[in-house]
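Presented below is the structure to which this report refers.
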Amino acid sequence: MVAPDLLSPRTPSPSARVTTAPIIRGFGGNIPFRCTRCRSLSATPSLRASESYRLRAGSWTLGMAAGGGVGSSERDGSLALYEESLNCLSSLITRRTRADGTNKGDNFDLMFDYLKMLELDGPISQLKVIHVAGTKGKGSTCVFTEAILRCCGFRTGLFTSPHLIDVRERFRIDGVEISEGKFLEYFWWCWNRLQEKTNDDVPMPTYFRFLALLAFKIFSAEQVDVAILEVGLGGKFDATNVVQKPIVCGISSLGYDHMEILGNTLGEIAGEKSGIFKREVAAYTVPQPEEAMSVLKDKASQLGIPLHVVSPLDSGALKDQHLGLDGEHQYINASLAISLSRAWLKETGNTEGINFEDATFLPEQFVRGLTKASFQGRAQIVPDSHLRSQERNFNLGDLVFYLDGAHSPESLEVCARWFSHVIREDTQHSDTQGEQHYDSCNARQILLFNCMSVRDPQLLLPRLVNTCEQHGVHFHKALFVPNQSVYNKVGSHASPPADPQHVDLSWQLTLQKVWESLACSDKDAGLSNTRDHERSSVFSSLPMAIRWLRENAQQNRSARFQVLVTGSLHLVGDVLRLIKK
């Protein structure tokens, strides 16, 4: 399941401790297979004494001591170990607190103790890091940067958050998420050492801090040429900010988000983000609101470093090609990535074979990277595979999901512009299978929405609806659903969904009321002219909403259902998991 990065519904818990069995040697410790604290959550089967784990062809397998062959039992063992690692991760989740001087940055200095425990203080100083913070676009900027430098021939490590389906998405080597085998090897290496060395004074690290430490271990062990680190939240006290001397820093667009943690003004938020600036390390940013830009400039001035402000990329520089990430907002993220990549290449003395002299076009390696970049859940279009897999000669209707994890007022406005643009293009052409033509009269736009309860739907939904209306898009209906994911447990594709009979829908009903009041207060607010009871629905589970969409698509075979999924990256991840099965 999608892992939490901000809040969980429970307070900090004592560090989990695990029992270990002398099963695998050679990875710096024994491999734990039963978490005593999480036993009730674990799907790990009991193991006979004659069974043992071994590493085979880069993935964990379960074999018989007598020499059994590769089979389903091996995969079962691999899944058991993987699920157990996720249970251990879940035990580290705590409620996020405001990190400031009164609590010493939520005890930020503990990160340096953890680095020493893991003997990573030396290796981390050798990593050639690009460090990126921001409110919007920092993940996309990191993805563009990684793709550019990979196309320049370098071995890349990329750490991003949150993940959508599997926690391994956060760790990419050469553009590919880390394998399950390597994840387990490095996870238990870190986990066992921290279990042995932490105590009441220095407890186990919290969830995101452990993931950051794991990223440092992975990137140093895999000997990457460059490590691109996306800040999790804020900057000054973020776990990634233990890097003392990155090669270059960047800050993407700033806005109002996570205000309960970062502050109530753009100046306070910018102050937290600029905490990644370091002396003698060049910093880059994009055009910002004046209040935020003033703080960034002051921070750079205090450190005696230049702050470079980049302009949006001119599409002509791509030599008639398109960015790999869709949306007009990606041109500013791409421009920041170009500047960060160029600065890294020059600072590390790796410019040979890369032509920076042509002022009209980008170097060929940069163009390839920008056009090949990919990032799940950001301006992503996915036709429903369930309907597409039916009998091809018999049209069962058409259902397409437009997924974007926007969750702030500014990002939802950008999302609305993207959605309005792509569906206009979509309805002017035949569907991707060439089976039927659709036009705007046969297209129905539906919103599938959820957001975290710390956000204000009175700010989010009007921004989304009004922007769509300005571009001539009117939603036929809105569906409000709870996330399948839980915020206090890291799960995987094997985790069962919550029982819809016992789901609290009070927040979804609140969202629906905001939607209905928006529709009633202004008939021209961008909502389709449907009867009141048809304007919106609340479903007790996401699978029920997906089933409703599929049934309607099958019953209206001449129509194309265009479903915008937004408001939460957790929701986007849940939808992807369901429709890609």
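Including glycine, each Cβ sits where the backbone N, Cα and C put it.
Around His258 (Mg(2+) binding site), taking its Cβ as the centre, 20 other Cβ atoms fall within 10 Å, counting all chains. Per TrEMBL, the feature Mg(2+) binding site maps to Ser161, Glu230, His258.
The ATP binding site annotation in TrEMBL covers Arg378, Asp404.
His258 (Mg(2+) binding site) is 19 Å away from Arg378 (ATP binding site) when you measure Cα to Cα.
Within 10 Å of its Cβ, the residue among the binding-site residues Ser161, Arg378, Asp404 with the fewest other Cβ atoms is Ser161. The closest partner of Asp404 (ATP binding site) among the binding-site residues, by CA position, is Ser161; the full candidate set was Ser161, Glu230, His258.
Around the Cβ of Glu230 (Mg(2+) binding site), the number of neighbouring Cβ atoms within 10 Å comes to 24.
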